[in-house]
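> For reference, Swiss-Prot lists these features for the protein:
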| type | residues | note |
| --- | --- | --- |
| BINDING | D27, D80, E152, E154 | Mg(2+) 1 binding site |
| BINDING | D173, D175, D226 | Mg(2+) 2 binding site |
| REGION | 1-98 | region 'N-domain' |
| REGION | 116-246 | region 'I-domain' |
| REGION | 319-327 | region 'Interaction with PCNA' |
Amino acid sequence: MGVKLKDIIQPEQIDFKDLKGRAISIDAFNTLYQFLSTIRQRDGRPLSDSNGNITSHLSGILYRNSSMIEKDIKPIYVFDGTPSYLKQETIDQRRQTREESEKKWKEALAKQDTQEARKYAMRSSKLSPYIIESSKKLLTMMGIPYIEAYGEGEAQAAYLVENGDAWAVASQDYDCLLFGAKRVVRNLAINSNLGDLEYYNLKRVLDELDINREQLIDMGILIGTDFSEGLKGVGAKTALKLAKKGELENKLAKLQEESSHDISEVREIFLNHNVNTNYKIRWKKPAKNDIIDFLCEEHGFSQDRVSKACDKLKNLNSSQKSLEDWF
């Protein structure tokens, strides 16, 4: 998912203590997919309650956020809105991949090949209206604010950083940098196997590559984005060489000849995305009893574990601090 920039940008390693007291805008869809993909049983089956409702995402939301809040990290979730029509091809491709993976997952289950089953199960994850709405419901009970983006959640999350409402964006996708996020944190997981936290400062990234943001966006378009296919044979390293030689425009012109849509529209999505500016951010006192009723009574969670997780939410108390106190 997203633009493949890993080969040309180097992260800084940071620790959770470096995020203490910080507000972090979290790409909700990206994070929910992560929960649904990784929080599964050995054979790839997602966690579910007695009625067959998936609960992997609820487990992830409760335990990851309670651990972050215990470390004095303040999450703000950002949910995607209506996708651009330019993203439809990517959406269709992902749907096809999920369907094919689900078929292979079931075949592996029939063969009792748990390793293969889990591999394909992770690729079959999808966000249903139930998963999205139940996630918002739990976040509200936990006192964690969320914002509805008009379009791409990554663009909205980047805007929160630009506007001073969050310190960094948390997402696995490098697209956040193209959307102008000043700071990006990857692998924001507690006790996961995703590896160490990775931190990217946009200004430092651009300085080290000796390019500007507009060039980074054009490089992304040549590599390929969620909104358009790239130019065949052009990866991150080749795109960077083209930028250094001043040949981006020539290659973009060639790509435009092959493309069915106006590439300038893709550039505009990254440079001037329509964002929601009418929002309020407030962390509230968690509703512990409601959380226990929702997770334990409705979805069969362990009351002891849920209660302990709720106790970690004590930093979100009724005496609300101002945003400035978190920076």
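For all residues, glycine too, the Cβ spot is worked out from N, Cα and C.
How about a rundown of where these features are and what they're close to?
DSSP assigns D27 (Mg(2+) 1 binding site) to a strand.
DSSP classifies D226 (Mg(2+) 2 binding site) as coil under the three-state reduction.
Each residue in the region 'I-domain' (116-246) has a pLDDT score, and their mean in this model is 93.
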> Run through the Cβ atoms and count how many others sit within 10 Å of the one on D173 (Mg(2+) 2 binding site).
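A count of 21.
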> Given a 10 Å Cβ-Cβ cut-off, pick out the one of the binding-site residues D80, D226 that has the most other Cβ atoms nearby.
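Compared across D80, D226, the most Cβ atoms within 10 Å surround D226.
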> D27 (Mg(2+) 1 binding site) has how many other Cβ neighbours within 10 Å of its own Cβ?
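Taking all protein chains shown, D27 (Mg(2+) 1 binding site) has 30 Cβ neighbours within 10 Å.
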> Which is it, of E152, E154, D175: the one of these binding-site residues whose Cβ has the most other Cβ atoms within 10 Å?
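For the binding-site residues E152, E154, D175, the Cβ with the most other Cβ atoms within 10 Å is E154.
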> Could you give the number of helix, strand and coil residues in the region 'I-domain' (116-246) as assigned by DSSP?
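Taking each residue of the region 'I-domain' (116-246) in turn, the totals are 63 helix, 16 strand, 52 coil.
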> Rounded to a whole number, how many Å is the Cα of D175 (Mg(2+) 2 binding site) away from the Cα of E152 (Mg(2+) 1 binding site)?
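Taking the Cα atoms only, D175 (Mg(2+) 2 binding site) lies 10 Å from E152 (Mg(2+) 1 binding site).
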